[in-house]
Amino acid sequence: MENLKAVIGKIATGTTLTRAEAAFAFDIMMSGEATPSQIGAILMGLRVRGEDVEEIAGAVTTMRAKMLRVEAPADSVDVVGTGGDASGSYNISTCASFIVAGAGVPVAKHGNRALSSKSGAADVLMALGVKIDLTPEQISRCIKEAGIGFMFAPAHHPAMKHVGPTRVELGTRTIFNLIGPLSNPAGVTRQMVGVFSRNWVEPIAEVLRSLGSTRAWVVHGSDGLDEITTTGATHVAELSNGEIRSFEIEPGEFGIARATPDSLKGGDGTANAAALRAVLAGQPSAYADVSLMNAAAALIVAGKADTLGDGLEIARASLTGGHAEAALDRLVAVSAMV
């Protein structure tokens, strides 16, 4: 396609694409009309130069337009990470999601199988007995009846099949690692997003603002974690009322003991499922501490808490009262019935 060649030519000169140009290019790629060479040229050209906020927003716009949508309450939240941090960590955002659901906030969790770790959200949920091959209507029922539902990314983004083989052949991070977590099929406008690099914290917050998110935390741990970490400081960009504010948080400020990187590492889906069950049963651990910190931030995003300290109190009550564990049990039961 001649217009796509023009886009590639523009990228080759180091010039930034407009949002419309990026949306057009990704529409062609995700419609199966681009050749593998063209897809590779665009993805690597953007990666080498460095993706711009407007380019990411354009790509997300196209990805959202092509996804299979799920109906969910307007106040639903998502707790998600880009992955790619090579930490091999425990399923922190998944565990935090149950704590948030236990606090009465509807959760529309978007995730995938393991990429850089041994266990992705889909892996641990399957090991916990959650059925993940559900239709959009069935997932909506899970969110309504269990308070939480899981959307398996490959099932909701079928257009990704057109770029998948090229991504595998490239074997390196591309813009798709950034836009996937921003393309929640339930259209949530309240998100907690972990990113694999400090450099992406503010830009991703800017993308979310430009695409209509009402409240968000974008986070990156000083240890490289794409979550709020408890081994040290976490850099945060908070989107609220159209404004973005950047700051750092330390676990010690909130009475959370510093963890070691090894204490946050996870195993395979089965091992992480057992660990997650232990956390939800109220067993103290480094896993529990880091899950509580992330849940507390998600509760701020949800409008349930004003401060991280308040969020921690609500999150702890969700655990100690058995509400988080009950949310998991409901999801297992409802996903099997729908």
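Note that Cβ sites are derived from N, Cα and C of the backbone, with glycine treated the same way.
Whatever TrEMBL says is automated annotation, not expert-curated.
Keep in mind that this is a model prediction, so the values were computed, not measured.
Annotation source TrEMBL lists anthranilate 1 binding site at Gly81, Asn112. Residues or ranges marked as 5-phospho-alpha-D-ribose 1-diphosphate binding site in TrEMBL: Gly81, 84-85, Ser89, 91-94, 109-117, Ala121. Sequence annotations record features per position, and here TrEMBL assigns Mg(2+) 1 binding site to Ser93, Glu227. The anthranilate 2 binding site feature in TrEMBL is assigned to Arg167. Annotation source TrEMBL lists Mg(2+) 2 binding site at Asp226, Glu227. If you look up TrEMBL, you'll see 6-66 marked as domain 'Glycosyl transferase family 3 N-terminal'. For 75-324, the entry in TrEMBL reads domain 'Glycosyl transferase family 3'.
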Completion exercise
binding-site residues considered: Asp226, Glu227; fewest surrounding Cβ atoms within 10 Å belongs to Asp226
Fill in the blank from the handout: Close in space but at least six residues away in sequence, with Cβ under 8 Å from that of Asn112 (anthranilate 1 binding site), the same-chain residues are Gly83, Gly120, Ala121, Ala122, Phe152, Ala153, Pro154, Gly180
Problem - Arg113 (5-phospho-alpha-D-ribose 1-diphosphate binding site) - helix vs strand vs coil (DSSP) - result: coil
Fill in the blank from the handout: Sequence-ordered, the binding-site residues among His110, Arg113, Arg167 whose CA is within 10 A of the CA of Asp226 (Mg(2+) 2 binding site) come to none
Fill in the blank from the handout: Here the binding-site residues are His110, Arg167; the one whose Cβ sees the most other Cβ atoms within 10 Å is His110
Handout entry: Inter-residue Cα distance where the pair is Gly81 (anthranilate 1 binding site) and Arg113 (5-phospho-alpha-D-ribose 1-diphosphate binding site), in Å
Key = 12
Exercise for the section: Would you count the other CB atoms within 10 A of the CB of Gly81 (anthranilate 1 binding site), including those on all shown protein chains? Expected result: 28
Practice task
For Ser93 (5-phospho-alpha-D-ribose 1-diphosphate binding site), just count the other CB atoms lying within 10 A of its CB, please.
Solution key: 27
Completion exercise
Neighbours of Gly81 (anthranilate 1 binding site) among binding-site residues Ser89, Arg167, Glu227 (C-alpha cutoff 10 angstroms), in sequence order, are Glu227
Fill in the blank from the handout: Residues in the domain 'Glycosyl transferase family 3 N-terminal' (6-66) per DSSP class, helix first, strand next, coil last, are 46 helix, 0 strand, 15 coil
Handout entry: Those binding-site residues listed as Ser89, Arg113, and which of them has the most Cβ atoms within 10 Å of its own Cβ
Key = Ser89
